[in-house]
Amino acid sequence: MASKLLRAVILGPPGSGKGTVCQRIAQNFGLQHLSSGHFLRENIKASTEVGEMAKQYIEKSLLVPDHVITRLMMSELENRRGQHWLLDGFPRTLGQAEALDKICELDLVISLNIPFETLKDRLSRRWIHPPSGRVYNLDFNPPHVHGIDDVTGEPLVQQEDDKPEAVAARLRQYKDVAKPVIELYKSRGVLHQFSGTETNKIWPYVYTLFSNKITPIQSKEAY
């Protein structure tokens, strides 16, 4: 079972609980959680060539184009050839999915389907610490002190696009872009869709799915 390296991807709109599910998968199964957002921040901070390219778009509030994200992720994956991994935030588009195809074959693709109202509520309760990317939710993981990051003591902000009027547009955009990616993986028989309003209720099914592919490193479903 352990001889084959597991290659997995998680798809889901903003606020779908993707980050939480990824952390749990990483803890329970020892997979490397590879977040495109994390790598982007790291590369921008380190002023790498690809980081500088991405920064130009982010400063103008534009989406970082496929070729930049793809280049970034390909080099990260190249460094992790000998590890089990779980991709989060990549591939977002069909172009990115096709680039990923050239270097590996995916075993599992998870898609989280969360009702619009739930996403809207979650995002309106979401505050972030921009330098680290740490995300807080006032309902289920609030900061110790309201409005302050637990680790650095720096102020938290609410992103413009987490405000209710922007959420609908983001979700529409996500659906348009993700649809062909979801269809592609569905046609290959590797897609597993999970629906619900609570991460804790979805998690046992995700746990079972991964248990069938890789031996858990923790004996029970750690939360």
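Each position is counted from 1, following the chain as shown.
The backbone N, Cα and C atoms fix where each Cβ goes, glycine too.
Quantities reported herein were computed from a predicted structural model and do not represent experimental measurements.
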State the residue range annotated as region 'NMPbind' by TrEMBL; the candidates are 35-64, 65-94. 35-64
Arg126 (ribonucleoside 5'-triphosphate binding site) versus binding-site residues Ser36, Leu62, Val64, Arg92, Arg170 - nearest by Cα: Arg170
Hey, how far is Val64 (AMP binding site) from Gly15 (ribonucleoside 5'-triphosphate binding site), Cα to Cα, in Å? 20
Distance check, please: Cα of Arg170 (AMP binding site) against Cα of Tyr136 (ribonucleoside 5'-triphosphate binding site), rounded to an integer number of angstrom. 19
In sequence order, which residues at least six apart in the same chain have a CB under 8 Å from the CB of Ser36 (AMP binding site)? Ile69, Leu72, Met73, Leu87, Asp88, Gly89, Phe90, Arg92
Lowest 10 Å Cβ neighbour count of the binding-site residues Phe90, Tyr136 is held by Tyr136
The region 'LID' (125-162) - residue tally per DSSP class, helix then strand then coil: 3 helix, 12 strand, 23 coil
